[in-house]
Amino acid sequence: MKALHFGAGNIGRGFIGKLLVDAGIQLTFADVNQTVLDALNDRHSYQVRVVGEQQQIDTVANVNAVNSSSEAAEDLIAQVSLITTAVGPVVLKLIAPTLAKGLAKRRAAGNEQPLNIIACENMVRGTSQLKDHLFEVLAPEERDWVEAHVGFVDSAVDRIVPPSESADSDPLAVTVETFSEWIVDKTQFKGALPAIPGMEPTDNLMAFVERKLFTLNTGHAITAWLGQQAGHKTIRDAILDQNVRAVVQGAMEESGAVLIKRYGFDPEKHAAYIHKILGRFENPYLKDDVERVGRQPLRKLSAGDRLIKPLLGTLEYGLPHTNLVQGIAAGLHYHSPEDPQAQELAQLLAEKGPAATLVQISGLDAASEVVAEVVQAWQAQA
Ligand SMILES: NC(=O)c1ccc[n+]([C@@H]2O[C@H](COP(=O)([O-])OP(=O)(O)OC[C@H]3O[C@@H](n4cnc5c(N)ncnc54)[C@H](O)[C@@H]3O)[C@@H](O)[C@H]2O)c1
Ligand SMILES: O=P(O)(O)OC[C@@H](O)[C@@H](O)[C@H](O)[C@H](O)CO
């Protein structure tokens, strides 16, 4: 079996690429970073440091790489039976034209074998969003064929992979935590489910996507944003700060109450899930900067993402949301000279003030009580 994976970054190399190669799949990465492409094509292998109480170094071998918008990438799309991505939500739109050209070549070549595409991004139903981008650029005469032959499989992906501390000396170095979880929607595959140990099929994906995004990523973002305010550089230092931890845990519990009500999760098991996540944030073997985890605040504060969607759930069910409000206020305070979204946020705040900025980013109702609550928390944090 052959696969093409878009995005040879931290999750691409450290999680999805490794699982595919471990399953005996012949893997090619597609990326735009020439240094990474050259290193992959030079060495055809790289090492993954798995860190925890026990540490191990695994070698991922026999891999190749192509430029993401090249004809070589299109030709592979025409041949492979699996395409995965870990490029970041904003890049999905950028890879759609290459996908469209590759799928047109596949059809022209008469390749009727099923192809499955799985986006492994931190977003709800990312593959479905990639499909929307693809259909915007796909020629109308290709659409029925693509619907019939290509499975667009949504997934939830969980493994903390910060940039490696050795990245300066080795562009392929990658350090990952021991924990990993990749859950895919088995109802969306075309043809037989590929046998990939570590890929878990479910017919209840939304529950798992929301459980992950609205627990781990909710708590992670708040740890980063409040951590930055308190002067911490890393997620570990931030979560060991009892003031930060209390809000993070409180927000995960508030979001958890929504998830329990919506999906019927067992409350005790959900409490254990939160407890385990707090331990993962504390991992002494990983150096994860608050800037990585707090990045792109406009995306993280948007309507369907990790703060606002759980907040809306608490409003829907009449549940407490004090800590989520603190987290959202902290997101509005997030600053980073390197991050264009943080720059845009600062400009919005300067021009419009906190209430109008929040309403614009999150889609919350300007007249709602909760907007006033966030503004009050924002002022208190200043
Ligand atoms: N790192 C984590 O802990 C983690 C965990 C779960 C999910 N995720 C999600 O995985 C995705 C990737 O995150 P990451 O941490 O690996 O980021 P990353 O920046 O390390 O990797 C992204 C890769 O995509 C490449 N890229 C950019 N534009 C491209 C294009 N047009 N075509 C092909 N490749 C392109 C970049 O060069 C880079 O190698 C994000 O959606 C993230 O939310 C990350
Ligand atoms: O990748 P983002 O920017 O959506 O979120 C930052 C982190 O919370 C995220 O990458 C986590 O490390 C990951 O989701 C763990 O599975």
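The backbone N, Cα and C atoms fix where each Cβ goes, and this holds for glycine too.
Cβ contacts within 10 Å of ARG13 (NAD(+) binding site), excluding its own Cβ and spanning all protein chains shown: 29. Positions annotated as NAD(+) binding site by TrEMBL: ALA3, LEU4, HIS5, PHE6, GLY7, ALA8, GLY9, ASN10, ILE11, GLY12, ARG13, GLY14.
Feature annotation from TrEMBL assigns domain 'Mannitol dehydrogenase N-terminal' to 1-197.
Residues annotated as domain 'Mannitol dehydrogenase C-terminal' in TrEMBL: 204-380.
Summed and averaged per residue, pLDDT over the domain 'Mannitol dehydrogenase N-terminal' (1-197) gives 97. Neighbour counts were taken as the number of other C-beta atoms within 10 angstroms of each residue's C-beta; across the binding-site residues GLY7, GLY9, the minimum falls on GLY9. Proximity of the binding-site residues ALA3, GLY7, GLY9, ILE11, ARG13 to ligand 1, judged by a Cβ distance under 6 angstroms to any of its atoms, singles out GLY7, GLY9, ILE11 in sequence order.
For HIS5 (NAD(+) binding site), the same-chain residues that are 6 or more apart in sequence and have a Cβ closer than 8 Å to its Cβ are GLY12, ILE16, GLY17, LEU20, LEU27, THR28, PHE29, ALA30, ILE83, THR84, THR85, ALA86. For the binding-site residues ALA3, ILE11, the greatest number of Cβ atoms within 10 Å around a candidate Cβ is found at ILE11.
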